[in-house]
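For reference, TrEMBL has these:
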ACT_SITE  Lys206  active site, proton donor
BINDING   Leu11, Gly12, Cys13, Gly14, Val15, Val16, Gly17, Ser18  NADP(+) binding site
BINDING   Lys106  NADPH binding site
BINDING   Glu191  L-homoserine binding site
DOMAIN    352-425  domain 'ACT'
Amino acid sequence: MRTRPLKVALLGCGVVGSEVARIMTTHADDLAARIGAPVELAGVAVRRPSKAREGIDPALVTTDATALVKRGDLDVVVEVIGGIEPARTLITTAFEHGASVVSANKALLAQDGAALHAAAEQNGRDLYYEAAVAGAIPLIRPLRESLAGDKVNRVLGIVNGTTNFILDKMDSTGAGYQEALDEATALGYAEADPTADVEGFDAAAKAAILAGIAFHTRVRLDDVYREGMTEVTAADFASAKEMGCTIKLLAICERAADGASVTARVHPAMIPLSHPLASVRGAYNAVFVESEAAGQLMFYGPGAGGAPTASAVLGDLVAVCRNRLSGATGPGESAYAALRVSPMGDVVTRYHISLDVADKPGVLAQVATVFAEHGVSIDTVRQQGKDGEASLVVVTHRASDAALNGTVEALRKLDTVRGVASIMRVEGE
Ligand code: HSE
């Protein structure tokens, strides 16, 4: 074994960073044996230097992250501060000064992944980011390496634990959205400002990263269609149950049937209880991958939290350190396929539409005509009347999102349609 240690700098020492430092210290001998050289924590950049950090030599702590990444003797920079800036500049500077980078920064990778990969390549260094998607769950490496010889057609995932906790609570207790969110906040699953989670921004960043790797195509955050889950109601869950389904916030990345384009989207959807993703409970994450040769694969585990996310960071750290010793670099960006990323209107799926209508002769025929005029084929219709009004639930066969939107727009114009209570896509069949 080489005795000269590999030098690692840590940018950020919060929930994840402190666990990375702890594992680096407590597992130092194992890590050295697996890498073939000891690993030394050479510096830790933080915002608040006065905060006590157990197990970290105060002499290593600095508030000057820029000076740290410019030292020139670093082998690896681990970035766990999140956000776009200063993370982007620090990572680029780290490459320019000879370090490889391990990052957990989904927002930055979803927005600027291509530029960061280019910077890594120009400097002959590695960029690894297993922790950016679904915490501890190995996903990036299986997609980048294990499935590199296969053709991935679909990635369907629950990639946000907070929203899965809330939806699971609504499903199992009949609670409304706000009540379930309040419980998630009280238990520490939801942040004080839950917007990034409940509006689907966090999941959309992860979908962009997964789609890019799965389809060897650049997919940016802006390419991902996004709908949050704040409008999901207890009534939606009741309807889902009647169909033998539950509701999940899904990230869905798909290759179109003709193979020439892909789509990426995040929205709440009904999935059959028989689908493996339906049984993903609480704050767990799971990603279902469908590929040509391997068939169906499911990756499951904790998608957040200090130690689970640190596990993914450490796995990358070992891989990057091994590369440093051998003088190799791992896989860089693979975007050669350059497939077209289609808009949401091109997505083809099934829909569950709940309408409040007048209960009188001809209404059903009128509604059915609107569906027919837009080329949307109805699979089932369920009607429940009460006091001259009725609730009409229509489940369609597969149709494009554009056709469905046209249908709904026309339905809203009918005098007999009092309102469109909910529209939900049905996936996983
Ligand atoms: N806030 C995310 C979640 C974890 O609830 O899953 C970090 O991406």
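Keep in mind that glycine also has a Cβ here, set from the backbone N, Cα and C atoms.
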The residue listed as 'NADPH binding site': tally of other CB atoms within 10 A of its CB: 26
Which of Gly12, Gly14, Gly17, all binding-site residues, has a Cβ with the fewest other Cβ atoms inside 10 Å: Gly14
Using Cα positions only, nearest of the recorded positions to Gly12 (NADP(+) binding site) (Lys106, Glu191, Lys206): Lys106
Val15 (NADP(+) binding site) - helix vs strand vs coil (DSSP): helix
Cβ neighbours within the same chain of Val16 (NADP(+) binding site) - under 8 Å, at least six residues apart: Val80, Ala104, Ala131, Gly306, Thr309, Ala310, Val313
Rounded to the nearest Å - Cα separation of the residue listed as 'active site, proton donor' and Lys106 (NADPH binding site): 6
Least surrounded among the binding-site residues, given as Leu11, Cys13, Val15, when other CB atoms within 10 Å are counted: Val15
For the residue listed as 'L-homoserine binding site', nearby residues of its own chain (Cβ under 8 Å, 6 or more apart in sequence): Thr162, Thr185, Asp197
Distance from Lys106 (NADPH binding site) back to Cys13 (NADP(+) binding site), taken between C-alpha atoms, in Å: 17
Distance from Lys106 (NADPH binding site) back to Leu11 (NADP(+) binding site), taken between C-alpha atoms, in Å: 15
